[in-house]
Amino acid sequence: MGTGPDRGGAAGVVRGGDAAVPAGVPVDQPDGVSAPAWHLRQHWELYFAASLAIGAGVGLLAGDGPLGRRLAAVGLLAAIAVWYWLFGRPHLLDAAENNARGVVYLAVAGVLFAGAVVLAPHTVWGSAALISQAFWFLSLRYALTVVIGLSFVPATLFVATRGGRWDVILSDFLPPALIFGSLSVLIGVTIHRVATQNERQAELIARLEASNAEVARLSHEAGTAAERERLAREIHDTLAQGFTSIVTLTQAIESELDSDVTAARRHLEMARRTARENLAEARAMVAALTPSALGDGSLADAVTRLADNLDAARCTVDPLPKLDTAAEVVLLRAAQEALHNARKHAAADEVVVDLSIVDELVVLTVTDDGTGFDPGQPAAGFGLSGMRVRAEQVGGRLTVTSAPGKGTTVRLEVPA
């Protein structure tokens, strides 16, 4: 079936499939119907049954017509209850306003009720049963029309079928017509307003849920992109540089095997050590741990070992305070990148690495006398841009000073 408006909590739910009924849920509660909506509908059904019972009781006991007519009138009211159970009830939770089946239900119920009133005028006290349902099945305009009809048509039918007895009209029809008509209009308008507010709130909730889902999706995509960029920087600053060093060392070894065996052995040991460090870095990256170089000792030791891997490098390290892991990783990666660039691109004869404390800042300076470059030109790869992003993430600052033919100085400042 379709899905209709949320009429004050008793309608407008989506039926689910044939699922198992959770514990604590009434056995006859339909799938997809919330407990508050189900309980509210049960209350309305009690109101419906009580109104019909009142109309039947008053019509049977207070009427002065033949008993057979009064019993027939009560039978018509009972037929309304059966008609509701078989035809109207399945649509009360999910029927749209002015739905054809809802209109048919009310039309047939109205004919049955009119017949009961003709047979026993006092059954008009049961009109509240249909008046309440008019506001469930119809829009406000049509529901008010039905209310007026149910309030005053019985008197018209009585006059048409039994002649004009104004005393009976004033005593039997006018009081319930005024009472139920006024109360029904008041209650119906209130219900309609509540239903409209519920529909708007449901709409807003649906939009909010859709918006939250979109935000979650975008956040996930942004997080994925950031993680991809972080991994790219990690790989560039560790594994890629290590492999490049190994390639460079093996080329040097190849040229030294016949001419300088001692240098070849030294470079072979450096290549072996670099390969081990790369393996440790890969394992640490997979395990999402801190860089393996920091796991083996202090930041000063790690930077010193990096400088020792480059023959042209000299390293000076001052005693450092205890830094958080993020700051140590940034400093270590910057040293790796700067030394890698000096080895691969600068063709430097001398590289000076200095790690010291200056005005509550930990300062890493890597200076080489190599070919230099123009810092204003767009740089390829993740090197300098990755260093700069890392520095900003820990509140630091990266400065690169260089010019073609005048060497390069990389200076990284991180709060101590």
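Including glycine, each Cβ sits where the backbone N, Cα and C put it.
According to TrEMBL, the domain 'Histidine kinase' annotation covers 331-416.
Residues or ranges marked as transmembrane segment in TrEMBL: 46-63 (among others). Only residues 6 or more beyond the boundaries of the transmembrane segment (46-63), in the same chain, are considered here, and those with a CB under 8 A from a CB of the stretch are 69-71, 73-74, 77-78, 80-81, 84, 116, 120-129, 132-133.
Residues or ranges marked as transmembrane segment in TrEMBL: 70-87 (among others).
What TrEMBL lists as transmembrane segment is 102-121 (among others).
Sequence annotations record features per position, and here TrEMBL assigns transmembrane segment to 142-161 (among others).
Per TrEMBL, the feature transmembrane segment maps to 173-191 (among others).
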Tertiary contacts of the transmembrane segment (70-87) (same chain, 6+ residues out, Cβ under 8 Å): 48-49, 52, 55-56, 59-60, 63, 101, 104-105, 108-109, 112-113, 115-117, 119-120, 123, 126, 129-130, 133
Tally of residues which DSSP labels helix, strand or coil - the domain 'Histidine kinase' (331-416): 27 helix, 30 strand, 29 coil
